[in-house]
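Asks: Reproduced below are the annotations present in Swiss-Prot:
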{"type": "COMPBIAS", "residues": "1-17", "note": "compositional bias 'Basic and acidic residues'"}
{"type": "COMPBIAS", "residues": "514-523", "note": "compositional bias 'Polar residues'"}
{"type": "MOD_RES", "residues": "SER29", "note": "phosphoserine"}
{"type": "REGION", "residues": "1-30", "note": "region 'Disordered'"}
{"type": "REGION", "residues": "502-535", "note": "region 'Disordered'"}
{"type": "TOPO_DOM", "residues": "1-44", "note": "topological domain 'Cytoplasmic'"}
{"type": "TOPO_DOM", "residues": "66-73", "note": "topological domain 'Extracellular'"}
{"type": "TOPO_DOM", "residues": "96-116", "note": "topological domain 'Cytoplasmic'"}
{"type": "TOPO_DOM", "residues": "150-157", "note": "topological domain 'Extracellular'"}
{"type": "TOPO_DOM", "residues": "211-230", "note": "topological domain 'Extracellular'"}
{"type": "TOPO_DOM", "residues": "253-265", "note": "topological domain 'Cytoplasmic'"}
{"type": "TOPO_DOM", "residues": "288-312", "note": "topological domain 'Extracellular'"}
{"type": "TOPO_DOM", "residues": "339-364", "note": "topological domain 'Cytoplasmic'"}
{"type": "TOPO_DOM", "residues": "383-386", "note": "topological domain 'Extracellular'"}
{"type": "TOPO_DOM", "residues": "409-423", "note": "topological domain 'Cytoplasmic'"}
{"type": "TOPO_DOM", "residues": "467-535", "note": "topological domain 'Cytoplasmic'"}
{"type": "TRANSMEM", "residues": "45-65", "note": "transmembrane segment"}
{"type": "TRANSMEM", "residues": "74-95", "note": "transmembrane segment"}
{"type": "TRANSMEM", "residues": "117-149", "note": "transmembrane segment"}
{"type": "TRANSMEM", "residues": "158-178", "note": "transmembrane segment"}
{"type": "TRANSMEM", "residues": "182-210", "note": "transmembrane segment"}
{"type": "TRANSMEM", "residues": "231-252", "note": "transmembrane segment"}
{"type": "TRANSMEM", "residues": "266-287", "note": "transmembrane segment"}
{"type": "TRANSMEM", "residues": "313-338", "note": "transmembrane segment"}
{"type": "TRANSMEM", "residues": "365-382", "note": "transmembrane segment"}
{"type": "TRANSMEM", "residues": "387-408", "note": "transmembrane segment"}
{"type": "TRANSMEM", "residues": "424-446", "note": "transmembrane segment"}
{"type": "TRANSMEM", "residues": "447-466", "note": "transmembrane segment"}
Amino acid sequence: MEEGARHRNNTEKKHPGGGESDASPEAGSGGGGVALKKEIGLVSACGIIVGNIIGSGIFVSPKGVLENAGSVGLALIVWIVTGFITVVGALCYAELGVTIPKSGGDYSYVKDIFGGLAGFLRLWIAVLVIYPTNQAVIALTFSNYVLQPLFPTCFPPESGLRLLAAICLLLLTWVNCSSVRWATRVQDIFTAGKLLALALIIIMGIVQICKGEYFWLEPKNAFENFQEPDIGLVALAFLQGSFAYGGWNFLNYVTEELVDPYKNLPRAIFISIPLVTFVYVFANVAYVTAMSPQELLASNAVAVTFGEKLLGVMAWIMPISVALSTFGGVNGSLFTSSRLFFAGAREGHLPSVLAMIHVKRCTPIPALLFTCISTLLMLVTSDMYTLINYVGFINYLFYGVTVAGQIVLRWKKPDIPRPIKINLLFPIIYLLFWAFLLVFSLWSEPVVCGIGLAIMLTGVPVYFLGVYWQHKPKCFSDFIELLTLVSQKMCVVVYPEVERGSGTEEANEDMEEQQQPMYQPTPTKDKDVAGQPQP
């Protein structure tokens, strides 16, 4: 391994003159060095999970499960079962998160267990499609609910929607670049806001039940089918329910910034996912106290229709709640996706500048700018919804691959420290459930799934050219070094130190012995920037 890559984890960065780096003491997590801060406590950790799971779906279109389940009772069962399966998957990720205590989530786990190519493909599909498209869609939903009251008789102009979505992305990127604490406070506030809005829906549902409005909750009516029962549609209902819980694994992307991750990672999971399951189930119960299944399926914004029926002049609360929920969702996604790209760059799978952090704010500014720019590019395309359909299958495929990796790790390395060790029955249950859903997805939409696989496999030549090929032309290396140096000076960023004795340090050293990074700076660049006077 060349010295340049080793320098990434060098914790003794000095000035050219031989003195220590002048990064402020508060910047690092220890010893005055520049490092990611451990600022995410239990409350903020719960906010990240809840805020990323609960987006606009439960307010706007929870009807996907009901439409395919065929009855209210079966739909509620689907919500409960998918919540339970999500808890099982989260328990598997909790064990992996404390066994491999690195940011990057399933990307880091897949890479460490199955090798660089498998990890790169997970990162490739996330960088290329998943995060940019999802963030663009959430931002567009936010702008739609903000602008719709200004255009009561028509749809808001498309250009206005995209402009406001871009402003939302730029504002939240600035917040995340400025301070981890600001970003987590924004997440906490907007998560609390969406939970209060859902609590209002649930309370109104309880009031409706007390008034005797529970026709569709009586067993004889709850299981009355409004369409012919079909096992394929029931499977699709489970798939829709699983999509609604998407984001449950996002806390694993920021493991290194958690305060006491060995305790707070599992605690946040145990608190957040049962809470989300409770909210999802009882919000749907509340909806059917005010609307029949047919009315619910006909509504384009279920919570808004619910509010119009029960809130009267206060019905405006619901669209505002959707807007607040999506705003918080964009913030949470920017926060976690930037850490994924940061982790990928640190492993040598993305340009190395993305693995740098600001010398005083200790935020991964290059990674945040990267995810923001890629999302803005998606905003100007017209095919992002199609792309989401294509790669949704791949995203959930990697959930199964990651959990399978837990079993492989138990077999290959049975003696490594595991602060949390769950029964192997849990990953087996999870894998059986996901095998059923993935096989059904392949059977029902083979073309869509095939295109998704093809998009993922475009990463194979990129991996061999960018990562595996070690002896690149000197002109290419010189250009990348120049680009890295310019980016460092523009963003005032350096490589972070790695805390001694952490699992991250050992994992990075193992990585360096096994593979060459995609882009590799020389050691002097970091020192040059560290020696610059800071603004």
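Heads up, the Cβ atoms here are built off N, Cα and C, so glycines get one too.
Can you tell me where each of these features sits in the structure?
Replies: The helix, strand and coil residue counts that DSSP assigns across the topological domain 'Extracellular' (66-73) are 6 helix, 0 strand, 2 coil.
Same-chain residues lying 6 or more positions outside the topological domain 'Cytoplasmic' (96-116) and placing a CB less than 8 Å from one of its CB atoms are 36, 122-123, 126, 249-257, 261-262, 265-266, 336, 339-340, 342-344, 347, 349, 398-399, 401-402, 405-406, 408-409, 416-420, 463, 467-468, 502-504, 507, 510-511, 514-515.
Averaged over the topological domain 'Extracellular' (150-157), the predicted model has a pLDDT of 82.
Assigned with DSSP, the residues of the topological domain 'Extracellular' (211-230) fall into helix, strand and coil as follows: 7 helix, 0 strand, 13 coil.
With a cut-off of 8 Å between Cβ atoms, the residues of this chain six or more beyond the topological domain 'Cytoplasmic' (253-265) that come close are 36-42, 45, 48, 94, 97-98, 101-105, 180, 335-337, 339-340, 343, 419-420, 502, 504.
Residues 91-92, 94-96, 98-99, 113, 262, 266 of the same chain lie 6+ residues outside the topological domain 'Cytoplasmic' (409-423) yet bring a C-beta within less than 8 angstroms of a C-beta in it.
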Asks: With an 8 Å cut-off on Cβ pairs and a sequence gap of 6 or more, do the transmembrane segment (447-466) and the transmembrane segment (117-149) reach 3 or more such pairs?
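Replies: Touching, yes - the transmembrane segment (447-466) and the transmembrane segment (117-149) meet the threshold of 3 or more Cβ pairs under 8 Å.
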Asks: What same-chain residues lie close to the transmembrane segment (424-446): Cβ under 8 Å, and 6 or more beyond its ends?
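Replies: The answer is 85, 88-89, 91-92, 232, 235-236, 238-239, 242, 393, 396-397, 399-400, 403-404, 406-407, 410.
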Asks: DSSP-wise, what's the residue breakdown of the topological domain 'Extracellular' (288-312) into helix, strand and coil?
Replies: 19 helix, 0 strand, 6 coil
Asks: Tally Cβ pairs under 8 Å between the transmembrane segment (158-178) and each listed stretch (74-95, 117-149, 231-252, 266-287, 313-338), then give the stretch with the top tally.
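Replies: Maximum Cβ contact count belongs to 117-149.
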Asks: Would you kindly list the residues that approach the topological domain 'Extracellular' (150-157) from elsewhere in its chain, counting only those six or more residues past its ends and only Cβ-Cβ distances under 8 Å?
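Replies: For the topological domain 'Extracellular' (150-157), the list is 143-144.
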